Amino acid sequence: MSFPKELEKVLEITKAQNVWRRTQTLNLIASENVMSPLAESVYMSDFMSRYAEGKPYKRYYQGTKYTDEIETLAMDLMNEITNSKDCDLRPTSGTIANAAVFRVLAEPGDKALIAPVQAGAHVSHTKFGTLGALGIQHIEMPFDEENINVDVDKAIKMIEEVKPKFVVLGGSLYLFPHPTKELAPHVHAVGAKLVYDAAHVYGLIEGKVWSSPLKEGADIMTVSTHKTFPGPQGGAIFSDGSEVFKQVSRTIFPWFVSNHHLHRLPATAVTAIEMKYFGESYANQITRNSKALAEALAERGFKVIGENLGYTKSHQVAVDVRQFGGGNKIAKLLEDANIIVNKNLLPYDKPENVSDPSGLRIGVQEMTRYGMKESEMEEIAELFKKVIIDKKDVNEVKKEVIDMRKNFLEVKYTFDDMKDLEKYSSKSLKLII
């Protein structure tokens, strides 16, 4: 039987996506990345069809001996590159990781302090997201506008007065590190726990260009495995031997996860090995690129946030585009030119402006993995200028983008010799390996 039209449509859409985002666009979404061909090859395996409720070697299903092995190996590898003692890879996203931690630390009606939304707090930290769904009251710590960060002195006073169950640091618009070591002693002094959401910066932490929150006093760290850490989409939880981790790990199943999408595990393990060998050079290039892009945009007349602080210490760059029509309009205009960014609230925006905020959030981690360096950041800034300031024909700029991408199609910071995979081929299953 030949393919029905519906199936042809599915295949056409999938192919179009692959061609467009893998070969024709500048992918500058700060929460995305790309796996290596090696990691993708193990992502497509029999694990994607299987279940494994519970922890390794303590499953509720049979047939999990290789799942136990790969999950244990992946956790060991992640602990090694993170310099941590505990890892749980069962959360299927960073938000699920947050939910699992928040639920253990507080009951409905309890209070939690979070980094101010202006300093980048993720929606899962707020009443609009996971905290609200769990019935936990969120109170924002004071904002230091000059440093685009938590106001340390005022936050300490608030911690002492409120005595929350826990405090959350980390964010989604995250240019500069939050004050973990400054706040940790005061959090612990009132009997609270310090949670660090490192979803965006985990790859920078294991790459040693961003301080480790666990070494600075955080009790527990949640992450995503697909942002600056370029693995499969998923979440993880780390600690340095805290009792909180044990409590969370006991309740992830059955509270928040049943099966935990086992095909993630070998791909996460492969990415951890890649980052063991290439992570530091990758993270260093990411931060050099973000700084270079910020400076290049500023030189071309854009209002880049954080000038007095050197613009950024992460993979992100934030740009105020109000004078050009706002974040919603400009993000769509850039997409027409095959430049993919997202609109984003800036520190002075009101939360209700989320649909049309002042700014753009730009992330350089994916294009860095394709091999781009500082000189390409200059080119990207020039493309922004052509679209936004010079108002060039977006179709002409799109041609330039596609032409630029022709030289950056191969994933870097990985192992090159794919021929070594041949001996692991599972041809009878028609899988890559």
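Residue positions begin at 1 at the first shown residue.
The backbone N, Cα and C atoms fix where each Cβ goes, glycine too.
Fair warning: this is a prediction, and the values are worked out from it, not measured in the lab.
Counting every protein chain shown, the number of other Cβ atoms lying within 10 Å of the Cβ of GLU243 ((6S)-5,6,7,8-tetrahydrofolate binding site) is 10. Look at Swiss-Prot and you will find ALA121, HIS122, VAL123, GLU243 tagged as (6S)-5,6,7,8-tetrahydrofolate binding site, backed by sequence analysis.
Residues or ranges marked as site 'Plays an important role in substrate specificity' by Swiss-Prot on the basis of sequence analysis: HIS226. Listed in sequence order, the residues of the same chain lying 6 or more apart from HIS226 (site 'Plays an important role in substrate specificity') and placing their CB within less than 8 Å of its CB are SER31, GLU32, ASN33, PRO232, GLN233, GLY234.
Long-range Cβ proximity for LYS227 (N6-(pyridoxal phosphate)lysine), meaning a same-chain Cβ under 8 A and a gap of 6 or more residues, is found for ALA30, SER31, GLU32, ASN33, ALA199, HIS200, TYR202, GLY203, HIS315, GLY363, GLN365. Sequence annotations record features per position, and here Swiss-Prot assigns N6-(pyridoxal phosphate)lysine to LYS227.
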ALA121, VAL123 as binding-site residues, winner by CB count within 10 A: ALA121
